Amino acid sequence: MTIEYELGAPQAAPSVPRLDVEQRSVVEHPGGPLLVLAGPGAGKTSTLVEVVADRVDRGYAPEEILVLTFSRKAADELKSRIGRRLDRTTATTPAMTFHSFCYALVRQLQTESEFSRPLQLLSAPEQDAIIQRLLGEGDAEQWPALMRPALRTRGLADEMQHFMATARSRNMDDVDVLRLGEASGREEWKAAARFFDEYTGVAALQNTIDYSDLVFQAVQLLRDPAHRERLRQTYRLVVVDEYQDTDPLQVELLQALAGDGRDLVVVGDPYQSIYGFRGADVRGILDFRHEFPQADGSPADLVVITSTSRYGEKISAAVASIVSNRGVLGPVDGRDFEGLRHLAPRRHLEGDVHVETFVTPTAEAEHVALILREQRLSREVPWDQMAVLVRSAADIARFQRSLSAAGVPVVVAGDELPLRSEPAVRTLLVALRAADDLAHDRALDPAAADALLAGPLCGLDAPALRRIGRALREADRSEARGPRASRLLLAEALSHPAVLLTLAAPGSQLAHSAARASRLATLLRRAAEQIVAGESPERVLWTIWSGTPWRDRLRSEALGNGEGSARADHDLDVLVALFAQAARAEEQHTRRSLAEFITELDAQDIPADTLAQGAIAPDAVQLMTAHRSKGLEWRTVVVAGVQDGTWPDLRHRGSFLRSERLGPHGEIAPPTAREALREERRLFYVACTRAREHLVVTAVESGREDGDQPSMFVSELWDHLHRDASGAVPEREPKRRPDRPLSLRGSIAALRRLGETTKSDVVRDRVARLLAMLAERPGSATRPAQPERWWGMSAITRSETPMRAPDATIRLSGSSVSSIVECPLKWFYDHEVKASTGTTTAQGFGSVVHAVAAEVAENRLPADADALGAYVDKVWDQLAFAADWIGGRERTEARDALVRFVRWHLEHGRTTLKAEHEFRVSTTVEGRPVELAGSMDRVEQDDDGVHVVDLKTSKSVADKKDLAEHPQLGFYQLAVDLGATADLAPGAPAAGAELVQLRNAEKKLPDYPVVQPQDAPAPDVPFFAVEQLSRSVHVIAEEQFVATPSEKSCRYCEFRRACPAQPEGATILGGGEQ
């Protein structure tokens, strides 16, 4: 074995920061409890590090100093800086979170048998899932009747989790809650106490513990005087950062650690107390001096650091206006905290503050992207030195979409959204569900199939999906089935790889797309086999993840420098978290089905992995909530979406279980709206104080009384920034959407627009040269400069293969001729492209009525309206309607239609030859063989000849002016004269045709249908149907499928979005021209 050594330069001696007088007074404090008030950028971390270094210089061992903070990131930073400052590593970690300390303490004081099985700390989503399961499977009778219907809902699980956390933060267990419920007579509290006891028992059996219970257990252990004394002997100095975020239980923990007047340094800022919803109480820091007195009983010492190194005078004055003279801290003596309101910059720093409002949310989001790009280009601010902060996670998706669309690299912190809400995770969850469906012989959900085929696992675009769907519909029709929607057929095909393989034959237009879809189908089938074999969710997940090119594509994008690098980096992070969740599920439960794992993930409404905050991808704008931004800073900060009704959020904060009223000694008053406003103001202050150089606050100001309005915070800040010497404040002028995005794509679009509109040859030539230069540059951002990608530049193409071979017979039905006469393009989409949406309830209605009418005509059912109505009732439930009331209404109309049919059938006076008569007759049109085919609802005869009856069940009737040349009736009469009814009435000519409108009654005869006749062909006049047939044959032979708009044709057309004659379907160039 060869050992290699690498020699390097010795580390530089640790630097000692320059502290101001106030910071130095903290370091040199003689001892005892000390409250340090330090605002944003006050240098409290440096001060705390120097406190530790000073005590070590005084003779303290590093292991005798305990530093507590609230986030793992802050603890890691403190630990690292203390280690560098002391120029050593220590055996015992000198900095940790409250929860890490409590976990270590609980483990240290466990018995030997307990210690052999390490406690598993539950993340918040895991706790949430356990609570949901216990609520759903538990005894419903123990809950008040009013609450029982909600036991299986996520809402009650969230409430129960918050209820237990609140009880713990107030140092209460299930016995305390039960006692309080009995004293107050609240049945929901007594039921919650019983559930609390059950939950605690299950956690003990599984050897798991949640965050709130962890601190509670530590406090209970330290109530033992022996444990408490031993711990106090261990630590000579306790330092606490962010003390304003403590809850009453953590305060009691500190009382046990250092409540006897020993060295205790706590640092905080009451103006940054923003975690009331987690149980934090600003009164903890306000009352500290009296809760932790000196050994002689006098109040703890106080040092206020009144300066900042974060920002300059402009930002300092602006953020001071947010909290100055507004009662932010409540009814307390504010003299101790006066110095925190307006922090004095330690040095001259440039900075600016802007308040901007916009007419719509879209305009706001686009301008935010513009602001960030301007910072990047004009001030050379790196992407990762910019942030967009919002009030709630609900706003994140809107800004994430807009920033990404504008080419701004953006990343969302992994703990802002539940894991299942991440797009990359959703992709794998959809695949897992599909595999589970296949494993249990369930049909795939069409929406899931669409998502899988169009998503990153397969990557088919919309045209490819349409081509596959069209081929599947063609094959489905050839099997003599009724028309089915392509989404259903795609879902079926994804369940059977062999079906897709038949479409992937070499040389076919579908080969590439169908092969990709087939590979995905095979992968899902393989995963399904693993599920049947009992493989773990983690193994099934890995099979799907590793079985497609998506894995390598994400890795390549994450390692690159393109626009998608940050997004790919983030996707990989959340997928790692998903696999970690699957692994943890396997560790915590010896047997877990895939369905249970998916259900647990679906149940998680709490942001993902709260056990560790993952690193945020570099070189990207960070998008997060204001709460998440605590402790961070950037050169440029945009505080966005500051709307009335959203920020401040003053909605009633009471809960169904009334957890806000829990108190260790009885019910307490819930927080008031005024207290909520104070915390919301502090949150806005925290968000704004994240900026070092450039602060922008944005909101929507629609200008309508019922529209979006800016928050009171926006108005206050605007007034501060713009009030002149006389006290006047100008009105805001909300901005509209920017003319173009400040990006390479936007610049290319502007150049193209200039080149089209300018009258200067010189300008046009320069534009052309610039576009040509950009077109030669590699990368997706410059593709819009390449002329071959511009809409309208390619010539109109014509297929080399005709739709119908020159010598092939053209087959037409009455409905086809009618559709072509009405609009050739509509017929093409419906008949050739098969783009129709398939069977509707109206078609189902017509099918039932037609079937009954045919049975009556053939004497297989009696011509009795009541009997026919009963027959309809037997089959009606097989039709699908959007709502039961719609089905009931349609059933009534079907019965009415049959009443009219029976009367017409009995009274109209002609002999019925046949119902549903199918026919095929041949002829030639301009030398082209043509076949007329179809089905006549009824063929009847009188002395004049053959009559064709077309039964209609639509709600509208044909216009009287159109009856003379009604295409479908004319087609039937022409077919009769060509021999379509020769087998029924040899030699009989066409004597007329008629529409019988069964849904429409004659005005004076409500039980008789509207009958609309068409005369027989006149012997000496050219029959119009011949011309319509000739026109239809010409349209098909010449492939002239022109849009023919008309009010009647276009009103209910389902192809408007693909029609160049309509605004929504117009071509990019040429408006409605084809």
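Yeah, the Cβs are placed from backbone N, Cα and C, and that goes for glycine too.
Residue ranges 545-564, 645-664, 725-744, 905-924 are listed, and TrEMBL annotates 725-744 among them as region 'Disordered'.
Across the residues of the domain 'UvrD-like helicase C-terminal' (312-631), the predicted structure has a mean pLDDT of 77.
Cβ environment of Ala42 (ATP binding site): Ile305, Ser307, Thr308, Ser309, Leu343 lie under 8 Å away, each six or more residues apart in the same chain. There are 22 other CB atoms within 10 A of the CB of Gly43 (ATP binding site), with all protein chains counted. Per-class residue totals from DSSP over the compositional bias 'Basic and acidic residues' (725-742), listed helix then strand then coil: 0 helix, 1 strand, 17 coil.
Cβ atoms within 8 Å of the centroid of the Cβ atoms of Ala38, Gly39, Pro40, Gly41, Ala42, Gly43, Lys44, Thr45 (the ATP site) belong to the same-chain residues Thr47, Asp269, Ile305, Thr308, Ser309, Arg310, site residues excluded. Look at the binding-site residues Gly39, Pro40, Gly41 and count other Cβ atoms within 10 Å of each Cβ; Gly41 has the fewest. Listed in sequence order, Lys44, Thr47, Val267, Gly268, Asp269, Ile305, Leu340 are the same-chain residues six or more apart from Ala38 (ATP binding site) with CB atoms under 8 A from its CB. Cβ neighbour count for Thr45 (ATP binding site): 19 (other Cβ atoms within 10 Å of its Cβ, all protein chains included). Using a 10 Å radius centred on the Cβ of Lys44 (ATP binding site) and all shown protein chains, the other Cβ atoms total 21. Following the DSSP three-state reduction, the secondary structure of Lys44 (ATP binding site) is helix.
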